[in-house]
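Take a look at the structure set out below.
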Amino acid sequence: MAFLNLFFCLVFISPLMAMPPVLQGRKSISPDSILKDTSTDIGAREFQGRKFPNFMMQLYQNIIRGRDNDLSNLEHPTLQESDTVQSFIAKSYTTVGNRWTLFFDMSSISRSNELKLAELRICLPSFRKSHSVTVDIYHTNDGKEKLFMGSFKTKLSSALDSDCKVFNLTILLQNFLTRGKRLIKDEYIQAKGLHLKDLEKSATEKDTENVDTMKQHQYHVSDFAAERIMLVVFAKEQSHAKPDPPSLGQKLFPSKYGIDDNANKVNGFRRLRRNKKEKTQIHVSTVPPKPIEEIKPECKKVDMFVDFQKIGWGSWIIYPKAYNAYRCESTCAVPQNETENATNHSYIKSLLPLSDMERKECPSCVPMKMMSMSMLYYENEDFILRHHEEMIVEECGFKDM
C-alpha cells in the first residue's frame, strides 16, 4: 500500500459504498469543522517554488466540498472506483507539422494498482488550431531513456471551442503496463472539450500548421504553464488478503512496518506458554468478594489537532495544512498498545507531542467509527490526490474485552 500511498492516490467498505471513495465521509468532513487552515488561500498555485496543476486543485476542491456536478461525465463514475489521482506534467514535447510527440516520466505508476482511467489533457492554442493530429506518447526517465508507449490519430472539430482537449488514454496505458504492448491505432480516441477557468494564457506557441517550416522544435516545462500538457491517472490500490500497515507509515518508514511471520509465531508460542504457567499459579479463594459499586467511565471524543508543518510533513503536503483528527479519551489503568491495531490515525497520533495522559488509551475506549480524508501532496515530482482510510475519529465507544 502506498501513502497517502495520495497521495489522495483516493478504499473502504462501509454503508456508503454507493458514494465515491474520495467523496465518502464528506458529510462530516467540512472545511469549517475538520480542516484547521480555513484561512489559507486554497486557490494558491505555488508550492515549494513549483506551480501545481489547476486541474488537481479544482478536483481537490470539488471533493472536499462535495461538488459532484462539477466533475465530468467520465470522471464522476471513475471516482466511485478510485482512491488515487496522480498527475504527470509533460517533461517536454516536440512538433513536426501535425505530428506531436509527448514525453512523460511515469516511473511512479505502480503496477500493483488497478488503472481505472488515464486522461491526456492538452491546453495549447497551437494544438487547437490543428485539424488532424497524430500524437505519440513516450516514457522518459531523466531524459536518458525514451520508451515508446503508443500513438493515436484524431481529428479536432473546430466546433469544439474550449481551452483544453481531453483524450482517453486508458486502453493505451493499460496495454503497456499490463502486457508491455505498444498501441498504435487510428481514431480510437475521441476528443472532448473541457473548459478550465483561470487558465493561464501567458505562454505563446508557434503555429505548427506551417508545414513549410518542417524544422523540429522542442519545448520544456519551463516554457509553458504547468497544466498545458498533463497526463492524469485514476487508480485503485489492489485489496490484499492480509491487513496492510498504515499507508502513511508505510510510505515514510516501510521497514518499520515489515512483518516477520517467524517472529510472530515464536512470540505467540512464548506468550501462550507464559499464559499457561500463570494459570497454574492461580489459587481459588474461599472467601466471597465484597460487593463493589461499579462506576463506568465515560468514553468521549476530544480534539487532536494535527499540523503537518510541525511534524515535518509540510514540505510535501499541499492540502490540508492541518486538520482535527480527534481521539478517544477515558480514565484507564492499562494503556492500549497502539502497535496492535495500527491505523493511519494511530500513526499520526504517535508523531504528536502529547502528554503521557493524552497518549494513553483504554483498550475498551476506542474509535467505533472512523472517516477517511483526501490529501493533495507532492511526491517524486508528481502531484497526487489520494484518499486515506481511518484518518479522523468520528465516534468513540467501549468495546467488549
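Using the three backbone atoms N, Cα and C, a Cβ is placed for every residue, glycine included.
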Partner cysteine of Cys328 (disulphide bond, per Swiss-Prot) from Cys123, Cys164, Cys396:
Cys396
According to Swiss-Prot, Cys299 takes part in a disulfide bond; indicate which of Cys123, Cys164, Cys365 is its partner.
Cys365
Alpha-carbon spacing, Asn344 (N-linked glycosylation site) to Cys299 (disulfide bond), which is rounded to whole Å
21
Please report the DSSP secondary structure of Cys365 (disulfide bond), reduced to three states.
strand
In which DSSP state, out of helix, strand and coil, do we find Asn168 (N-linked glycosylation site)?
strand
Please report the number of other Cβ atoms within 10 Å of the Cβ of Cys396 (disulfide bond).
21
